[in-house]
Ligand SMILES: [Fe+2]
């Protein structure tokens, strides 16, 4: 069993790096009824894919690798495939006025439509998922072109989000049949970092009040995911709002899904705000793993990406230094950039959160640099949520 995916090998990542970056662990896929290798792609539906694809190249330093659209015979929508390390985004936008993407975008705004996963046996996974009550959206089928054949299917998850399951072991094209290779037109300035992130660490789903456990059970039962960590109650309650969160992961821990639901607080929680503006459950944030968060944050900020502000008191708190111990960069450097630190029994992590990227207060990004810790920044939740609430209040949604 190969430990690295093709994408990781292409990105020149090693097993040791991935253990550090995303907490990859060894496990026995033969004992897994639904063996997931890792992430395949995050598919976005946006209002203007041409411009969003430029944003991810110019600000996030991603490389355009493939394209589908009217010029390639796809009259419905255009789609741009972008890569950074092992991370693949597919940015789709409607071209035809009657494209199904128009209605989807009207309902949800810019957001994630599909968290596609790489599996070794699409048919086995779908057959098992069906016995466990999953809704199969696309039956297993082949897509073929001159680069080979992809076996593909899709099952439904929370809201209008889907998991496409892909076996691309017999395919050597740039993405999928229907897409053509397309190089970036963006010229990176001399001296800019090769890439700002290497891997996708986790994707968080927001679901409605009272439904978190159902979705945890869905990932346990249908996809054989294991429970990683649990945060409930005081950990992530502020004076005003609260949420509950549980984390599930696939066998090798490459794919991690924290699932949040709102908890009853004095005011509306950030999860309520998301559900209202997204029009139901959906992907709330994507955590991108970097091995140099200082450079990543400096580059993103220089490109105009805005982050949640961390109060000075966070860094001045005498308990912070005691709690975090030795970290690889001086606290002053973290303070300057608003980067948060958390430590647990396994190590520590550095993390920072962007503001929502689109017009609606919905999806945003986290950048994370792990040093042994397999956690999600539990010690930062309170400071973080207070920062989010300040933003919510400015939007009139608290
Ligand atoms: Fe996160």
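Heads up, the Cβ atoms here are built off N, Cα and C, so glycines get one too.
TrEMBL: automatically predicted annotations, no manual curation.
The Fe cation site recorded in TrEMBL includes 202, 285, and the single candidate from 118, 139, 345, 366 that the record places there is 366. Across the domain 'VOC' (38-168), DSSP assigns 32 helix, 64 strand, 35 coil. Proximity of residue 285 (Fe cation binding site) to non-local residues of its own chain (separation of 6 or more, Cβ distance below 8 Å) is seen for 203, 204, 353, 363, 364, 365, 366, given in sequence order. Looking at the domain 'VOC' (38-168) alone, the prediction's average pLDDT is 98. Sitting within 8 Å of the Cβ centre of 202, 285, 366, and not among those site residues for Fe cation, are the Cβ atoms of 201, 203, 204, 258, 284, 286, 287, 288, 353, 365, 368, 376.
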